[in-house]
Amino acid sequence: MGFFSKISKIWRKNDQEAAPGVEEHALGQEHKPTPGPVEQGQMEQAPWQTELLQALQEAEPRLSVWLDHILAGISSASPELWQRLAFLLDNLEVPKDEAAAFIQDFRNWLDEMEYERVEEFRSELQYRLALALDLEDEEDERSRLFIKLSSGLTKTKEQLSKQVDQLLQLNKQFDDAFWEDLEEILIMSDVGFKATTTLLERLRDRVRQEGCNDSETFKTLFKEELAALFPQPAKRIKPQPPEVVLMIGVNGVGKTTTIAKLAHRAHMQGQKVMVAAGDTFRAAAIEQLEIWSKRVGAGFYAKAPFSDPASVAYEALDTAQAEGYDTLFVDTAGRLHTNVDLMEELRKIKRVLAKKHPGAPHRTILVLDATTGQNALSQTKLFAKDMDIDEIVLTKLDGTAKGGVVVAVSLEYGIPITFIGLGEKMEDLRPFSGTDFAQALLDL
Ligand SMILES: Nc1nc2c(ncn2[C@@H]2O[C@H](COP(=O)(O)OP(=O)(O)OP(=O)(O)O)[C@@H](O)[C@H]2O)c(=O)[nH]1
């Protein structure tokens, strides 16, 4: 369930699935929340409301299309925009107090970011509505970020797809020479030895089983087997709150930004979120985290610079428990991983958290920069030696990402990639999908 405790099932054929672009449930067909008879004291609809409702009812049931209507003729944040947003949410049967809170949250964020113009905030507004209405898989939301993923993988895509195409033109026998050449192409694309071996074994079986003898079929099998390589995140049982998420990773990979994005997401999904500044070695990191926490509506806990990180974690958890938080993100120092005491420090933080709240940290997330190629692999190796890593978040996949390393990192240690970063803004975070990735990487 998203931010709102109740919305009309206007976007779903039934509770089981979100059905993006489902015609028969478009606003105004079967589920037309047409304004009821004007109850005693209820205001007559203003002409703009009648027009807007009609436009929404006739529009395709897609977030971006509805947003076009809400924003029609509006160039910047204004009382008119808030009125229209409230009208849309009201017609989705969102409880008035929750709709007002959503809008106020967004206005506070605009003030914080000093955003004024629609082009500055439209993407964030769409992202917030997608999360709040539990519509992240709605078609537009997917395509908005898929385009960024594809452009980030352009370099790897060109290299890999071009070479596979050439190989398929030269050799359609799928004989030993073919597989040796393909192995070389994958290794050269940073896929890593273990992932390459596994992928080739599976692909050879599929080619044999399906009697594949043409390029098109081979390309389909290649995409399917690449998508299937990625370990799936274990089904998480919601722990006794607060869920404690320990964030680890070296400096500069995008950890602070990722914590902010994850906190924003959790908040937009209706959780009460706190962020703890466990990287006490850099005053700048504490300040940056405080600014982001405020912007995304999360609580924030920090102590003086150079305080013991474990005491920050302990006290933050104590406060989160006392004040009924649902989720606590604990940032940690990211000094280059060669600095051995960093691992000792992380182990101490884990011990302190577990003592205070058995089972904590419930999730340990390693943040890696997808543009650093083999470095990301060596960082995973180092952290995995000392920490039980539950998830990987790969950032900067909108940059010149080394797409092959994405496969290697996840497969080498069997750690699922749960989210990918596709930009610096809060809405540039997407749940990782092996299928999307294979599609974006193998433009075959
Ligand atoms: N293009 C792009 N930039 C990103 C992404 N994630 C983070 N960044 C940028 O990368 C830079 C480093 O991000 P931080 O979140 O400060 O990284 P950090 O790991 O906390 O680094 P330190 O603060 O040095 O510990 C910032 O300029 C971010 O805006 C992403 O997914 N895409």
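We number each residue from 1, going along the chain as drawn.
A Cβ is built for glycine as well, from the same backbone N, Cα and C atoms used for every other residue.
Curation plays no part in TrEMBL annotations; they are all automatic predictions.
Per TrEMBL, GTP binding site is recorded for 249-256, 331-335, 395-398. The feature compositional bias 'Basic and acidic residues' is assigned by TrEMBL to 18-33. According to TrEMBL, the domain 'SRP54-type proteins GTP-binding' annotation covers 416-429. Per TrEMBL, the feature region 'Disordered' maps to 18-41.
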Listed binding-site residues with Cβ under 6 Å from ligand 1, out of GLY252, LYS255, ARG335: GLY252, LYS255
Those binding-site residues listed as LYS255, ARG335, and which of them has the most Cβ atoms within 10 Å of its own Cβ: LYS255
Composition by DSSP (helix, strand, coil) of residues within the domain 'SRP54-type proteins GTP-binding' (416-429): 0 helix, 6 strand, 8 coil
Cβ neighbours within the same chain of LEU397 (GTP binding site) - under 8 Å, at least six residues apart: LYS148, LEU149, GLY152, LEU153, ALA370, VAL406, ILE420, GLY421, LEU422
Residues that sit under 8 angstroms from GLY252 (GTP binding site) by C-beta distance, when 6+ apart in the chain: GLY334, ASP369
Collapsed DSSP category at LYS255 (GTP binding site): helix
